[in-house]
């Protein structure tokens, strides 16, 4: 996709949000281990098992929101600038990360029925369509898609067939995309909310000890906004902004889940994909890594542009304040602290080749030309232009003009066809009254007129169909400036500008305070003077104690990191053991239930698809354009570091192929 660089590299914005203590935590007597300094943008976490005198760990982020913060505070200060950028043609991603039960879904979606508790997603819907209605001389097309990644399989939440697994593809121009993902054109907030609600009904959720309504999949709501505007050169230019609204499944310890059946398997897949996300972030931040492991999971491949690529990205780290969540909260804080060092390279996506808006515009022009040929649009344009003239010094509303356009189109079509029909009926009556014609000639002429009347009827049906299609296509395009009263529009614009100024001022104050703290520590020694040797000894002793405390904190941090590494390793070992058990089961099935000749046939049809990073079957019969696939592909494809056994290849293919 073509793009213009604007501001070069831009850091990924990271904010932290802490939920209130739950009733269950208060009843169990858990203590609070998190302290948030909203003004400085700092989070301090205290180890409940620490020795007396051990200092809490402190992390600094772009913004911090405590339990008393409102949904609108987070949106206005952090999210609104990103949505404005998407409307200008940038790609944008917002994702919530944290332990299960810390408020990720509440932050992203909130309570739809309560205006005060609506989350980022519903507020962004209103923001987008309000901006469109206020814009001038611009055409917009807004599309929405909804998908989830459940146990490393991509599902379209808006498709009729919920069991269909979608494939990831890569395009050199547009990047990673999902083949056959459904997309719906939406014209207002109500329609896009309806799309969201339809998808949410089929999303995978379940109950665990950590959360009664736990998300068991990663969900991504994708909004594509195409904008057409006439440039200074007089040509139409199209900008395309893509917004990824990501609600990640929560990380969770197997020991705390208290679940059986599918839940441990789900948790294993969730933790593996989040671990892959952590590895990608670590590789990006490291600076020494030559390879970024985006292909290790479907999630990281989909978020490839959002992590170090062409996008503006916001991460909301959600935290639990209670002592029993200390390990998970500390892990989340470390993860977020690494993520804030990622640098993206956002650019405006201008004049891409494959825009749907351009297709719609071309189709409307074609339909308009066909209607003009039939003489349907001449009078309509004159009527609509008269309607658009000012009345009593005020402009007539665009809605009236639009209604008149539709009414004029229908009336002109009816009048035209009525005139033609009346003329044919008159000619038919004249033939019947003409006694000079012989009966055979009269019959022949009457048949010709009947045929002309029948052709006229067919033309009427075709014209009605064409006019309906024209109106349907035109209605999908949103024209800026409609349906808003100018005075109210200006007031709302001023109010939003004030909100943005306040949010920007808060952000600048927070950055200045953080900078002042750093400078104070650096210049403390330069300002100090001593009146006696005793005073110097006392002050330097205090400094020594402070440095010793810092040394102990670093040692404790190293130990914590080691403990965290052991816990992650244990989780990965559990996941590996689970996969090994599944593989052994498939080995037994192959050895005991599949004849050797059938196994050889399967082996001969297997090939490794490097694009999708999985084993596949070649088709039994070559289809059109796929004859090249029938050639035997090497099974030692890129992506495997070591050879893999025949049984393993068959087992993996059986697991991914619908026939087995």
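Quick reminder: no glycine exception, Cβ is built from N, Cα and C everywhere.
Noted in TrEMBL for the protein shown:
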BINDING   98, 99, 100, 101, 102, 103, 104, 105  ATP binding site
COMPBIAS  376-389  compositional bias 'Basic residues'
COMPBIAS  395-407  compositional bias 'Acidic residues'
DOMAIN    11-342  domain 'Kinesin motor'
REGION    375-410  region 'Disordered'
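Location within the structure of each feature annotated in TrEMBL.
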residue	record	Cβ within 10 Å
98	ATP binding site	29
99	ATP binding site	23
100	ATP binding site	26
101	ATP binding site	23
102	ATP binding site	27
103	ATP binding site	23
104	ATP binding site	27
105	ATP binding site	26
